[in-house]
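As written in TrEMBL, here are the features:
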- D146: active site, charge relay system (ACT_SITE)
- H213: active site, charge relay system (ACT_SITE)
- S544: active site, charge relay system (ACT_SITE)
- 31-104: domain 'Inhibitor I9' (DOMAIN)
- 137-585: domain 'Peptidase S8/S53' (DOMAIN)
- 370-460: domain 'PA' (DOMAIN)
- 657-757: domain 'Subtilisin-like protease fibronectin type-III' (DOMAIN)
- 110-134: region 'Disordered' (REGION)
- 1-26: signal peptide (SIGNAL)
Amino acid sequence: MDGFKLSLLSFLPFVFVLAIAVEATGDEIGTFIVHVQPQESHVAATADDRKEWYKTFLPEDGRLVHAYHHVASGFAARLTRQELDAVSAMPGFVSAVPDQTHTLQTTHTPQFLGLSAPPPPQGKRWSSSSHGGSGAGAGVIVGVIDTGVFPDHPSFSEAGMPPPPAKWKGHCDFNGGSVCNNKLIGARTFIANATNSSSSYGERLPPVDDVGHGTHTASTAAGAAVPGAHVLGQGLGVAAGIAPHAHVAVYKVCPNESCAISDILAGVDAAIADGCDVISISIGGPSVPFHENPVAVGTFGAMEKGVFVSMAAGNAGPNVSSVINDAPWMLTVAASTMDRSIRTTVRLGNGLYFDGESLYQPNDSPSTFYPLVYAGASGKPSAEFCGNGSLDGFDVRGKIVVCEFGGGPNITRIIKGAVVQSAGGAGMILPNHFPEGYTTLAEAHVLPASHVDYVAGLAIKAYINSTANPVAQILPRGTVLGTTPAPAMAFFSSRGPSVQNPGILKPDITGPGVNVLAAWPFQVGPSSAQVFPAPTFNIISGTSMSTPHLSGVAAFIKSRHPHWSPAAIKSAIMTTADITDRSGNQILDEQRAPANFFATGAGHVNPERAADPGLVYDIAPCDYVGYLCGLYTSQEVSVIARRPVNCSAVAAIPEHQLNYPSISVRFPRAWNSSEPVLVRRTAKNVGEVPSEYYAAVDMLDTTVTVRVFPRTLRFTGVNQEKDFTVVVWPGQGGARVVQGAVRWVSETHTVRSPVSVTFA
């Protein structure tokens with residue numbers, strides 16, 4: 001996607017780069033993830049036994065990169081293609097895939113999500129009634145798979161935190177291990193080449209965050225409360241994670257924006273062994289079949305161990321079917337806005353005003369009009385994007401320059417401003433193109449700037465063309481709360497339907513992912529603005545930011561319901577989601593049009609309601625195996641399940657029959673409209689007893705008819721289960737996609753399942 005490149009000057013986590021396979025050819029050595037399964041004659045009783053068995057597949061010591069114990073039945077190793085061929089002929093070999101690189105994909109969001117709470121008194125512990133009424137995340141361990149952590153940040157202060165639960169088995173890889181505490185209970189490095197130059201292969205460096213991404217995501221999920229947080233004076237408030245009572249363990253698997261899958265798997269493997277309850281992964285690569293996706297295989301293992309996994313939906317929106325991390329055992333998280341703007345306003349010489357955003361708002365911002373010029377007028381190829389050298393020979397000194405959004409991965413928005421500044425420009429206006437619509441980003445520019453929406457950009461460029469002497473001002477307006485519409489979908493948030501499993505509606509949920517403030521290892525913005533003391537924070541955007549919000553919500557629920565399965569927690573999040581914005585209107589997309597389920601999933605997360613959902617749709621691991629047998633061969637399913645599976649002996653479960661909280665039905669165009677599809681679900685009562693729920697159907701498009709049988713579910717016990725059937729009749733003609741919902745309504749709860757009907 002144009003314009004999205006990571007740098008320390010401008011970190012944009014919604015970078016999305018297709019993974020590149022590192023394949024060995026001939027005598028060239030590459031890293032492979034090798035799946036093996038023991039023969040009857042071999043039993044690996046311990047992790048050490050298993051590791052020694054893995055080594056028997058390898059030509060020599062030193063080739064083993066990672067030995068997996070929970071996330072895969074196999075290992076990562078450095079092999080030539082000929083050596084891999086020899087390994088593949090050995091008893092127990094199942095399959096191998098080349099290692100790949102995946103990429104990285106808050107003072108206000110807790111309040112926006114209804115989890116407001118002041119910080120605890122100095123040195124005191126959180127009360128059980130604070131922050132959502134449950135001690136949000138108490139006793140829960142959140143594992144963050146990312147770029148490491150800046151452990152000295154006050155977001156990881158242990159003030160008021162109890163020791164970790166007895167199940168914690170992890171450790172701290174920082175020198176001496178004394179850096180970790182009762183908040184940041186663990187930090188480990190799993191980067192195969194992150195070694196001291198004088199050390200032997202495999203000795204890891206400390207998990208220091210050199211990028212910022214891991215620090216940001218970890219503090220978003222479960223950071224401690226930090227009063228007076230801000231970025232360049234903006235967004236001032238108390239920064240706190242969604243589950244501030246939870247413990248945090250960080251697993252460094254990315255040295256920069258590129259993350260090797262073999263290292264990601266090692267981090268997840270360790271998080272499971274260490275005792276994490278929730279794993280947060282703001283990383284992604286291209287969508288591939290699950291048996292070819294080691295991260296899908298690894299997170300299946302986490303789910304089987306009872307660990308909840310939250311993953312980013314990707315940042316390739318608004319393209320259709322761009323969603324990634326779409327396996328049904330993951331929570332796939334989209335990104336939306338909140339009701340806060342870090343506002344700068346553009347005032348034109350004709351009197352028109354247009355609101356935009358920028359973090360850097362110096363007191364000496366232009367208060368008088370400056371000449372206004374369009375960068376594309378220089379006549380150089382692609383000069384409108386303000387890339388390096390594009391303004392050479394073009395007079396912009398003392399002028400405000402309009403630079404178009406995008407231009408390629410090497411022309412970040414911060415770089416555009418730096419190019420304008422180096423050419424003598426006084427300020428920059430950054431208008432969206434049509435695909436970005438109304439989504440604007442508050443970033444630490446190096447000069448007065450305003451990122452404005454597409455409509456404003458058209459008006460500004462029209463004004464430039466309408467007069468011989470266009471002029472403008474960029475006016476700092478500070479932090480504005482209560483903006484509308486909110487939430488609205490971000491343009492970059494990846495969309496469904498899923499390529500790998502269109503019968504499962506993805507993404508699952510949306511949460512705050514635009515202009516999120518959280519901890520950061522170092523100062524941002526121009527050096528002239530470094531007048532604010534530590535601690536340091538940053539405001540960045542991406543599904544990388546929405547994912548830890550949902551990880552924190554999962555920890556919040558887990559702390560209230562410690563025995564719930566990952567599927568039950570997911571169901572609670574999805575069936576209680578908001579389908580309207582804060583004004584009571586339908587959630588909109590980046591074009592201010594109603595957003596469909598392929599953008600929002602079940603809706604916008606509502607943590608308090610999710611902690612008391614009434615009913616849940618649970619899924620046992622064996623049900624996922626039946627679902628997988630409906631998609632893949634026995635050998636392919638065996639890779640995912642990490643054990644031999646004979647699909648001919650397993651009852652296959654069609655995608656739409658998996659007991660998922662949402663419903664997705666596909667009809668061929670030639671389908672006989674008199675033949676309905678029967679969708680069966682099982683609801684488990686986790687609310688009060690006795691209780692009675694009544695079915696309601698919301699389908700505005702009459703070309704599809706939906707009925708529910710029975711119409712009433714009566715529960716007399718906690719955890720009692722009741723079956724029901726949703727009957728879907730397709731009509732003639734109509735839209736290609738019809739969406740609605742089935743609701744179960746009691747006196748105290750509404751349990752909503754989105755329904756998506758597609759005509760292929």
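Note: Cβ is positioned from N, Cα and C throughout, glycine not excepted.
As a whole-number mean, the pLDDT of the domain 'PA' (370-460) in this prediction is 94. Long-range neighbours of D146 (active site, charge relay system) (same chain, six or more residues apart, CB within less than 8 Å of its CB): L104, D209, H213, G214, T217, A218, V250, Y251, K252, V253, C254, S280, I281, S282, I283. The sparsest Cβ neighbourhood within 10 Å, among the listed active-site residues (H213, S544), is found at H213. Residue counts for the domain 'PA' (370-460) under DSSP, helix first, then strand, then coil, are 27 helix, 17 strand, 47 coil.
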